[in-house]
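Undergrad: Copied straight from TrEMBL:
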TRANSMEM  34-55  transmembrane segment
TRANSMEM  67-83  transmembrane segment
TRANSMEM  90-106  transmembrane segment
TRANSMEM  112-138  transmembrane segment
TRANSMEM  150-168  transmembrane segment
TRANSMEM  180-201  transmembrane segment
TRANSMEM  234-256  transmembrane segment
TRANSMEM  282-299  transmembrane segment
TRANSMEM  311-331  transmembrane segment
Amino acid sequence: MGQLFKLKKKVRDEADSVETGLNNPGRKFHFDEVGVLAAVLVMVLLLSFGSPYFFSVSNLLKVGRQVSFYGLLTIGLSFVIGSGQIDISVGRIITLVTFVMAWLMDKGMNPWLAFCLGIMLGALCGLLNGGLSLVFNVHPMIITLGTTNLFWGLAVGLSNAKPIVIWQESSFLELGPGKIAGLPVPFFIFIVVAIIGHILLKKSVFGRHVLAVGANKQAAVFAGINEKRIRLSVMVMSGVVAAIAAGVLLSFFQTFDPNVGSGMEMDAIGAAVIGGADLNGGYASVLGAFLGAFLIGILRNGLVLMGVGAYWNNFVTGAVILIAVAVSTVLKTQRKS
């Protein structure tokens, strides 16, 4: 009985700290964000010496567009990771949503309407991920591992693994290759989604509830937070953002390819972690994830310009992510102690 009383007291104390955190959003900038920004600047400086083409306008625009594709996923995953969960199916949500949108357009549907339906499908995919995790009380990593194959299998099976080319003329097809004030439209979409995500995570009660659930689920419940609704909401949000990325990709390539979205979840998760997201939950930064996405994008682009092959490109990128995770973990441990 004494141990039970102590446990309850500990949870209540942590619940009080959660409530205090809800009323105090915290600092505007976190050490991880400053560190990633410094790393990005150093990376840019080094790569500018490695290739004279790096600072060309066309290359910088290319980097901005490429980063935007998986960067959008990073924003949604920041909420998922912050809540103490993970979603490794976002790449295959892109595959499935891209197929459905392309198929609908091929049948004559207005591309914008198909895009809206695709976003709804992305939300349903997220709802399935979150719902299964809650109903069966299974970690989202296991659930999304299964739905990764489910979504990809559906897309490949229904399309017979064949591409679908978009022949319609529509303003939707300017979403990917188009420019605003000389900058890629996908980059603007990425910035808008990042700003909305930052405000939600750092300035709203919802965002603070997300981080509270990730930090300590029991304490969050004691503080009056509906943790199941929070966990489900962020998975749906991740699916919606993945669907937006799918629409932008389809508009850019104007073709459905069964391999679209493959591996994008790894760069997205890596960017979020580089940006300071704690895989144990309780902390995430949209600003840090935004910078992390650019760090990975700049690194990949620079390696290509220096003639590094695709396999070694993946190796170096993976090594950088591992180093970033190790450094971040050590720093967080030191700060806690």
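Glycine residues also receive a Cβ, built from the backbone N, Cα and C atoms like all the rest.
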Undergrad: For the transmembrane segment (150-168), find every same-chain residue at least 6 residues outside the stretch whose CB is under 8 Å from a CB in it, and list them.
TA: 89, 92-93, 95-96, 98-99, 102-103, 105-106, 108, 111, 125, 250, 254-258
Undergrad: The transmembrane segment (234-256) and the transmembrane segment (112-138): do they have three or more Cβ pairs under 8 Å, with pairs 6 or more apart in sequence?
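TA: Touching, yes - the transmembrane segment (112-138) and the transmembrane segment (234-256) meet the threshold of 3 or more Cβ pairs under 8 Å.
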Undergrad: Counting only CB pairs under 8 A, let me know which of 180-201, 234-256, 282-299, 311-331 has the most with the transmembrane segment (67-83).
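TA: Out of the listed stretches, 234-256 contacts the transmembrane segment (67-83) most.
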Undergrad: Please give the sequence-distant neighbours of the transmembrane segment (180-201): residues at least 6 beyond its ends with Cβ less than 8 Å from one of its Cβ atoms.
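TA: Long-range Cβ neighbours of the transmembrane segment (180-201): 61, 64-65, 67-69, 71-72, 75-76, 78-79, 82, 174, 207, 210-211, 241, 244, 248, 252, 284-287, 289-290.
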Undergrad: Below 8 Å between Cβ atoms, which of the listed ranges 34-55, 234-256, 311-331 makes the most pairs with the transmembrane segment (282-299)?
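TA: Of the candidates 34-55, 234-256, 311-331, 34-55 scores highest.
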Undergrad: For the transmembrane segment (234-256), find every same-chain residue at least 6 residues outside the stretch whose CB is under 8 Å from a CB in it, and list them.
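TA: That would be 65, 68-70, 72-73, 75-77, 79-80, 82-83, 85, 87, 90, 93-95, 97-99, 101-103, 115, 118-127, 129-130, 133, 140, 159, 163-166, 172-177, 185-186, 189, 193, 210, 264.
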